[in-house]
Every structure is written in C-alpha cells, then in structure tokens.
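Participant: Handing you a structure now.
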Amino acid sequence: MAASSSSSMALSSPTLAGKQLKLNPSSQELGAARFTMRKSATTKKVASSGSPWYGPDRVKYLGPFSGESPSYLTGEFPGDYGWDTAGLSADPETFSKNRELEVIHSRWAMLGALGCVFPELLSRNGVKFGEAVWFKAGSQIFSEGGLDYLGNPSLVHAQSILAIWATQVILMGAVEGYRIAGGPLGEVVDPLYPGGSFDPLGLADDPEAFAELKVKELKNGRLAMFSMFGFFVQAIVTGKGPLENLADHLADPVNNNAWSYATNFVPGK
C-alpha cells in the first residue's frame, strides 16, 4: 500500500531540471523555466579550442604589440580583439545590448552597401533600370511621377512615402518580432543567430565553421558601417554615387580626394 502510494505520488509530481512541480503549475513557473533555459543557451560560450579568434590567446587589436586586455574581455564572443578604451563593455547588461545592436547594424550596413554600389555598377555596364545612384533613386518618390521599382512601372509604382514607411514597418517588424520573441513556440534560443528558417543553407551546422563565420560577419559588417558613413558624406559633399566618386578619384587623384573636397566644400552648393 505504501509502495503504491509513493509511486502514485511520483507519477503525479513531475519534475523539471530536478525541481518538483505542482500538478497544475502556474504559467509564471513555466515561463520562468523557459526563460532560464533560453538564457543559459544564449550565454553559452561559442569559443572553440584552437581558434585564433577566441579565448585568451586570440588575435588582438595591435597583434603582438597589444597591451593587456580588460578583464571583462575574455574572448568569449566573436569580434573581441581586447580593445575597449571607453569601457563600453564593462557592464554585462550594456555589453549584451551593444553586442546585439552591432550585429544587427552590421547586417543592415552590408545590405545597404551592396544596394548602394550594385545598381550603379550595373548602370555603368549598360543595364538600364531607372535612376542608379542610391540617394537619387529614393528621392524620386517625392517627384510628380513617383518611384518605379527597378525602373519598371508595372512592378511597384510608389507615390506615397507614408505607404512605403508603413509597408517596411509591417514587413521588417514582423521578422524582427519573430526573431526577438524566439519564434511562435519559443524554439529560438539565440535571437542573434536564430537558425532554422533563417539559415536555409545550414551554415551553422558545423560549430567550428559557424564560430569563424560569426567573426567574418562582424569584420565585414564593421567595414560596411564605415562604408555607409562614407557614402553619406560623399552624397552630401559631391552629390555623386560611390562608383562615380571612385572613377573621378582614379582619373585625377590630385584634385579629387577627401582633402580637396573638405577645403572647398560649401554647404548648400
């Protein structure tokens, strides 16, 4: 009788991670357990043994001439070269937030840089699809005729900046919401690298290769952010696209360079 009683108690008292739960656990308990599991998976170290990009012996910002890294920069995450003069990563919460912002901005910058250069490259090689210079193409929506996507009026003919804004907010917001919320069932444990349908090519299947791809993504993303900043400055100063500016510089580097434009730049002209 005692044995059957204890066995029925064991069956009616499920456990989660070694902790006994009630028969009808509250949503708060399950939510806390799910959050704990997601948090532990998110903060799991990605450093791989023998990788030159992770760990205490990783590549530093000045190579062999680098000073001692701050104690909080352990080489656990990609893109950590042991340099943080301003102490932006000292607080773990701030570091986690800034790390996410950097990765997301890197991805947008890489897409943006490609979008600024590729149409102009095609146009200079005989492919015609309307305005090719990135900032001039976007401004066409304010013209009387509106903006034709890819120069084709039958594709998307945009005449309202508010409609474009609303469409982007809905489409981009839906994807971002899916990523941040961890998917409809909470199956995504790392919102920065969600995998699944966000990785149709299976690039994250090999942990070693995936760890290296994270470093490559950040390195290229940081370059892309600097590139986008340069494209903005070029657009303001010269009124030309990046490839046209490059061609002008190569044709006459003495008169077409950053110094000559900086000394002769007059705002509004």
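Cβ atoms here come from the backbone N, Cα and C positions, even for glycine.
I grabbed these lines from Swiss-Prot:
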- 1-37: transit peptide (TRANSIT)
- R38: N2-acetylarginine (MOD_RES)
- Y61: chlorophyll b 1 binding site (BINDING)
- W83, S89, E102, R222: chlorophyll a 1 binding site (BINDING)
- 103-123: transmembrane segment (TRANSMEM)
- H105: chlorophyll a 2 binding site (BINDING)
- R107, V156, L185: chlorophyll b 2 binding site (BINDING)
- Q140, L150, E217: chlorophyll a 3 binding site (BINDING)
- 155-175: transmembrane segment (TRANSMEM)
- S160, E176: chlorophyll b 3 binding site (BINDING)
- Q168, R179: chlorophyll b 4 binding site (BINDING)
- Q168, F265: chlorophyll b 5 binding site (BINDING)
- K216, Q234: chlorophyll a 5 binding site (BINDING)
- N220: chlorophyll a 4 binding site (BINDING)
- 223-243: transmembrane segment (TRANSMEM)
- H249, A258: chlorophyll a 6 binding site (BINDING)
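Looking at the shown structure, can you explain where the listed features end up?
Facilitator: Secondary structure at Y61 (chlorophyll b 1 binding site), taken from DSSP and collapsed to helix, strand or coil, is coil.
DSSP gives R222 (chlorophyll a 1 binding site) a helix state.
Taking Cβ pairs closer than 8 Å, the transmembrane segment (103-123) reaches residues 129, 132-134, 137, 192, 217-218, 220-222, 224-225, 227-228, 231, 241-244 in its own chain, all 6 or more past its ends.
Under the three-state DSSP scheme, H105 (chlorophyll a 2 binding site) falls in the helix class.
Around V156 (chlorophyll b 2 binding site), the same-chain residues at least 6 positions away in sequence with a Cβ under 8 Å from its Cβ are D148, Y149.
DSSP assigns L150 (chlorophyll a 3 binding site) to a helix. Every protein chain considered, the tally of other Cβ atoms within 10 Å of the Cβ of L150 (chlorophyll a 3 binding site) stands at 10.
Sequence-remote contacts of a segment are chain residues at least 6 beyond its ends whose Cβ falls under 8 Å from one of its Cβ atoms, and for the transmembrane segment (155-175) they are 141-142, 146-149.
Within its own chain, E176 (chlorophyll b 3 binding site) has no residue 6 or more apart in sequence whose C-beta sits under 8 angstroms from its own.
Counting Cβ atoms from all protein chains shown, R179 (chlorophyll b 4 binding site) has 17 others lying within 10 Å of its own Cβ.
F265 (chlorophyll b 5 binding site) is surrounded by 12 other CB atoms, counting those within 10 A of its CB over all protein chains shown. Under the three-state DSSP scheme, F265 (chlorophyll b 5 binding site) falls in the coil class.
Sequence-distant neighbours of K216 (chlorophyll a 5 binding site) (same chain, six or more apart, CB under 8 Å from its CB) are absent. K216 (chlorophyll a 5 binding site) falls within a helical segment according to DSSP.
Within the same chain, the residues at least 6 positions away from N220 (chlorophyll a 4 binding site) whose Cβ sits under 8 Å from its Cβ are S106, M110, listed in sequence order.
Away from its own ends, the transmembrane segment (223-243) comes close to residues 105-106, 109-110, 112-113, 116-117, 120-121, 124, 132-136, 261-262, 265 of its chain (Cβ-Cβ under 8 Å, at least six residues beyond either end).
Cβ contacts within 10 Å of A258 (chlorophyll a 6 binding site), excluding its own Cβ and spanning all protein chains shown: 12. In this structure, A258 (chlorophyll a 6 binding site) is part of a helix by DSSP.
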Participant: Just to be sure I understand the packing, how many Cβ atoms besides its own are within 10 Å of the Cβ of R222 (chlorophyll a 1 binding site)?
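Facilitator: The answer is 16 other Cβ atoms.
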